[in-house]
Amino acid sequence: MLNASQASFFSLAAYLDSGLFRYLCFLVVVCLYVLILGCNVLLIVVICVNRTLHEPMYMFLCSLFVNELYGSTGLFPSLLIQTLSDLHTISAPLCLLQVFIVHSYGAVEFLSLAVMSYDRYLAICHPLQYNSRMTTTKIFWLIAVSWLYPSCAMFVSLSLISPLKLCGNSINKVYCDMHSVVKLACSDTALINIYGLCATFSTILAALLIILYTYTKIFVVCFSGSSQTRQKAVSTCTPHLASILNFSIAGSFEVSQSRFNMSFLPNVLRIFLSLYFLTVQPLFNPVLYGLKMSKIKNACHNLILNVENKHEAD
């Protein structure tokens, strides 16, 4: 028996023996990762360099796009290496790092979406007080809390996992997650399971209550307000609601697989469901907001035109 922090490596048992098909998988994963990097970096740059986008909503979007880069980078480099490898192993320190990134990414994503719903609530329900209530200091603290709370929660989780005595090193997934490591333990894991459930559901509950409250108020104002108010709500809230729905479905897949026995599902489907929230959401958000929000779309168009004009001038 070894401590989790003392184990030299973990074996990722969910990878299939795909033969030459692995090269096609590798190419697909590379293209997807490049797309995710390109789309998110483009929108981050556009928001940062364009003064007309230096508004609270776009600052929160920028934080969301940074989180997409953070989460996808915690998965894709390892996924690319494992796809071409014959032995699907990962060193213990890298496995624990991946646990930290994957779980903190999910919490930051949900809390960021909750913060954005609060921002939309103020903009639509209290437009005259919006600038006085959504100050620069408040923006900073809302973004800071949405990142610091998950990070602190994961530091505590890793401090509880590291001393665990393990009776194996085989994880039945294509990446490391906390519950898969904990299931390998020979010692009592009641404290870790209780803490994990409390941390997970407190994050989900807090974010969900904020989203439900703010959107209830928004819908009330929309139904009783002018057509201009409804148009403003539709243009800014539609991509946000779509993002919440997509991530909630993706998160439900992941939580279900971690907590329940899903062996009755085909292995390929289990792999797809476990990867969904780390592969689809990081591409879904920038594409959705880039296409749906006219200010971002116009700013991207102008940036690309400026780059092309500079190249022609050179």
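Placement of Cβ uses the backbone N, Cα and C atoms for every residue, glycine included.
As annotated by TrEMBL, domain 'G-protein coupled receptors family 1 profile' applies to 39-289.
Positions annotated as transmembrane segment by TrEMBL: 20-46 (among others). Below 8 angstroms of C-beta separation, residues 53, 61-62, 65-66, 68-69, 72, 76, 79-80, 83-84, 279, 282-283, 285-287, 289-290, 296, 299-300, 303 of the same chain, each at least six residues beyond the ends of the transmembrane segment (20-46), sit close to that stretch.
Feature annotation from TrEMBL assigns transmembrane segment to 58-76 (among others). Remote same-chain residues near the transmembrane segment (58-76) are listed as 29, 32-33, 36-37, 40-41, 43-44, 47-48, 97-98, 101-102, 105-106, 108-109, 112-113, 115-116, 119, 139, 142-143, 146-147, 175, 275, 278-279, 281-283, 285-286, 289, 295-296 (criterion: CB distance under 8 Å, separation of at least six residues from the stretch ends).
The feature transmembrane segment is assigned by TrEMBL to 96-118 (among others). Remote same-chain residues near the transmembrane segment (96-118) are listed as 4-5, 57, 60-61, 63-64, 67, 70-71, 73-75, 78, 90, 142-143, 145-147, 149-151, 153-155, 157-158, 161-162, 175-178, 181, 203-204, 206-208, 210-211, 214-215, 240, 243-244, 247, 251, 254, 277-278, 281 (criterion: CB distance under 8 Å, separation of at least six residues from the stretch ends).
The list of residues near the transmembrane segment (139-161) in space but at least 6 beyond its ends in sequence, with Cβ under 8 angstroms from a Cβ of it, reads 4, 56, 59-60, 63, 96, 99-100, 103-104, 106-108, 111-112, 114-115, 118, 178, 181-182, 191-192, 195-196, 199, 203. Marked as transmembrane segment by TrEMBL: 139-161 (among others).
Non-local neighbours of the transmembrane segment (192-213) in the same chain are 107, 110-111, 113-115, 117-118, 121, 149-150, 153, 156-157, 160-161, 164, 178-179, 182, 244, 251, 255; each lies 6+ residues outside the stretch with a CB under 8 Å from one of its CB atoms. The feature transmembrane segment is assigned by TrEMBL to 192-213 (among others).
TrEMBL lists 233-251 (among others) with the feature transmembrane segment. Panel annotation: around the transmembrane segment (233-251), residues 57, 106, 109-110, 113, 116-117, 120, 123-124, 204, 211, 215, 218, 221-222, 276-277, 280-281, 284-285, 288-289, 292-294 of the same chain, lying at least six beyond its termini, place a Cβ under 8 Å from a Cβ of the stretch.
Taking Cβ pairs closer than 8 Å, the transmembrane segment (271-291) reaches residues 14, 16, 32, 35-36, 39-40, 42-43, 61, 64-65, 68-69, 71-72, 74-75, 102, 105-106, 109, 173-175, 239, 242-243, 246-247, 249-251, 253-254, 257, 265, 297, 300 in its own chain, all 6 or more past its ends. Sequence annotations record features per position, and here TrEMBL assigns transmembrane segment to 271-291 (among others).
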